[in-house]
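Asks: Quick one: the structure is below, and I'll ask about it shortly.
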């Protein structure tokens, strides 16, 4: 059973990596002048939408969490709305943190917010797909040795590495967005 879960997790992660690579390559065939650096805002949007869609589809297909299911339509709608609100709040929180780390507050709002959306897609959306809007489950998973399954361990690693990767990628330079090589 554990080997089958590891294979499913590996396949899911490889599909996510493949999706990111495709978002960098495929739009160039349909859009003249598309490059990751030249049209970075469009790429951020494309990457966020594709990774979000893939995460939601993988969650629906693989069903990695084994929580008891309620079949009430009202419960599902309520859960979906809570997840949407949590995702939006995480985008706002990441945006505020990025601004506090030095990104311009007004001049490059679009770039900064799209980066916050991308970071939320790699962190919060996966948590929402796996754990739902249950804050107690989030605290349990992200506390020391709180992961109870291989999916939750992967969630811990992916979320923490995404946040650390964003920080390590930005800490040596100020987030000025006004220099071409920083954009």
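The backbone N, Cα and C atoms fix where each Cβ goes, glycine too.
Unlike curated entries, TrEMBL annotations are predicted automatically.
So TrEMBL lists the following for this protein:
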type     : residues : note
TRANSMEM : 9-29     : transmembrane segment
TRANSMEM : 41-62    : transmembrane segment
TRANSMEM : 83-106   : transmembrane segment
TRANSMEM : 112-132  : transmembrane segment
TRANSMEM : 153-173  : transmembrane segment
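Give me the structural setting of these features: burial, nearby parts and distances.
Replies: Taking Cβ pairs closer than 8 Å, the transmembrane segment (41-62) reaches residues 8, 12, 15-16, 19-20, 22-24, 27, 31, 34, 110-111, 114-115, 117-118, 121-122, 125-126, 129-130 in its own chain, all 6 or more past its ends.
Within the same chain, residues 41, 44-45, 47-48, 51-52, 55-56, 58-59, 64-65, 67, 79, 82-83, 86-87, 90-92, 94-95, 98-99, 103-104, 138, 141, 151-152, 155, 158-159, 162-163, 166, 175, 177 sit at least 6 positions outside the transmembrane segment (112-132) and bring their C-beta atoms closer than 8 Å to a C-beta of that stretch.
When Cβ-Cβ distances below 8 Å are used as the criterion, the transmembrane segment (153-173) is approached by residues 9, 13, 101, 115, 119, 122-123, 126-127, 130-131, 141-142, 147, 182 of the same chain, each at least six residues removed from its ends.
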